[in-house]
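Chemist: Before I ask anything, here is the structure I am working with.
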Amino acid sequence: MGDRAAGAPATSPTGIHRLGGTARAPRTLVPALLAAIAYVDPGNFGVNISSGSEHGYALVWVVVFASLSAMVIQYLAAKLGMVTGRSLAEHSAARYPGVGRVLLWAQAEVVVVMTDLAEIVGGAIALRLLFGVPLVVGAVVVTAFSLVVLALTVRGRSHFDSVVLVLLVVIVASLVWQVGVADVDSVALLRSVVPGPLEGSAALLAVGIVGATVMPHALHFHSAATRGTDTGREPQDARLDTAADAGGPGPRVGQAERLRAGRQTVRSVVVAMTVAGAANVSLVVFSAGLPGGSGASIDSAYAALQANAGQVAATVLAVALLASGLASTLVGVQTGDVVMEGFGRRPISPLVRRGLAVVPALAILGLGVAPTTALVWSQVVLSFALPGTLVPLLLFTRDPRLMGALANRRPTTAVAAVITAVIVGLCAYLVVSGG
């Protein structure tokens, strides 16, 4: 089975090949930071602000668990692409043909749609808060921005990664500043790292936090973005064919070099996920300091900051949310391409995909659904979709025929299996408890 996945025809993704070329940093760091955008998208703003406002620091332990889990599974996704030269979607389509491929493809497309929904709605909320733009108009503006950036080239080179990384800096700096001016109870914050009971709406928010923090589309994106990073070269069909014949990842890269690349990947993922985790904890911490219940939605959190901390604090929050919406929309476009090319084996026009992506957001906003409610529920849906992404990833990365010396060791497989089981358990608890 591993041989078949490795030997299937390779696709040539549009856009992902340009990643990793703008920073004097390990080639694995830039893809990891770009994937980290998925962990600070507007869905995180919605669910973490709601959890902090309604439950104080009580759900910080869920954020910490989700962030640590993200380190493990993002490492697996990055390693899969680095070693095999193929994305998670490509492996899934090759390993599970027929009905299995269709089901996994449908699940991945639902993930992309829910992710796009959160990104577009979040950006629209930010534009309304900053400039009074109607939500529907804001959704169109955010969508148009992503198309312009992806089409923009300077001296023949795209600056997708540069734009996204600048927006990531804006997000993190803004949220750290919010915590700096907030009234933080350090003792209570430290105690909240210990797991506690999930009562009432806490169960829904806990599942939403996991869905917002452990992002299935980030696994597809990261596995595609790291292809070729073990050698600094792009993956080639010949290398993959040789891997299939030999029953391993191929001879072009020495084992020592591959192991060094693996260690570098670990460091890069830890750095990127630590940054994202700190941003998510910051969202909970500053919203917990708002007057009781005033941060149950992003709009009310903005109003509470205006009233209690001043216009500057409120504007900083809106700027962070806008940067989040714009950056995550860009990554979402790339992820949609990865999924379509991996499962469908053909590219789709970014204009068509963006047009399809904006329809659910426009429909929800047009129907008058509360934007923050839409954000929270989109993350809950993503939580239910996680196992369908995690299980194939775990099976691929533990297969020595695919991964060679970098196949998962038993402790790694055990930890990833526990993470998957906990996520499934949280989703089951939500269903049984009635949300």
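Note that Cβ sites are derived from N, Cα and C of the backbone, with glycine treated the same way.
Values in this document were obtained by computation on a predicted structure and should not be read as measured data.
Not my notes, these are from TrEMBL:
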- 58-81: transmembrane segment (TRANSMEM)
- 131-153: transmembrane segment (TRANSMEM)
- 160-180: transmembrane segment (TRANSMEM)
- 200-219: transmembrane segment (TRANSMEM)
- 226-255: region 'Disordered' (REGION)
- 230-242: compositional bias 'Basic and acidic residues' (COMPBIAS)
- 268-290: transmembrane segment (TRANSMEM)
- 310-331: transmembrane segment (TRANSMEM)
- 351-370: transmembrane segment (TRANSMEM)
- 412-432: transmembrane segment (TRANSMEM)
Chemist: Determine which recorded stretch among 58-81, 268-290, 310-331, 351-370, 412-432 has the most C-beta pairs below 8 angstroms with the transmembrane segment (160-180).
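Modeler: It is 310-331 that shares the most Cβ pairs under 8 Å with the transmembrane segment (160-180).
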Chemist: Are there residues at least six beyond either end of the transmembrane segment (268-290) with Cβ under 8 Å to its Cβ atoms? List them, or say none.
Modeler: 26, 28-29, 31-33, 35-36, 39-40, 44-45, 48-53, 56-57, 59-60, 63-64, 66-68, 70-71, 74-75, 78, 168, 171-172, 175-176, 178-179, 182-184, 189, 209, 212-213, 301, 304-305, 308
Chemist: How about long-range neighbours of the transmembrane segment (310-331): same chain, 6 or more residues beyond its ends, C-beta under 8 Å?
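Modeler: Contacts of the transmembrane segment (310-331) (Cβ under 8 Å, skipping residues fewer than 6 from its ends): 34-35, 37-38, 40-42, 44-45, 115-116, 118-120, 122-127, 129-130, 142-143, 145-146, 149-150, 160, 163-164, 167-168, 170-171, 174-175, 177-178, 181, 221, 298, 301-303.
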Chemist: Out of 58-81, 131-153, 412-432, which stretch touches the transmembrane segment (351-370) the most, going by CB pairs under 8 Å?
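Modeler: The stretch with the most contacts is 131-153.
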Chemist: Which of 58-81, 131-153, 412-432 shares the most C-beta pairs under 8 angstroms with the transmembrane segment (200-219)?
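Modeler: Checked against 58-81, 131-153, 412-432; highest Cβ contact count belongs to 58-81.
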Chemist: Which residues, given as numbers and ranges, are at least 6 beyond the ends of the transmembrane segment (131-153) yet have a Cβ under 8 Å from it?
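Modeler: Result: 15, 119-121, 123-125, 159-160, 163, 325-326, 329-330, 332-333, 350-351, 354, 357-358, 361-362, 365-366, 371.
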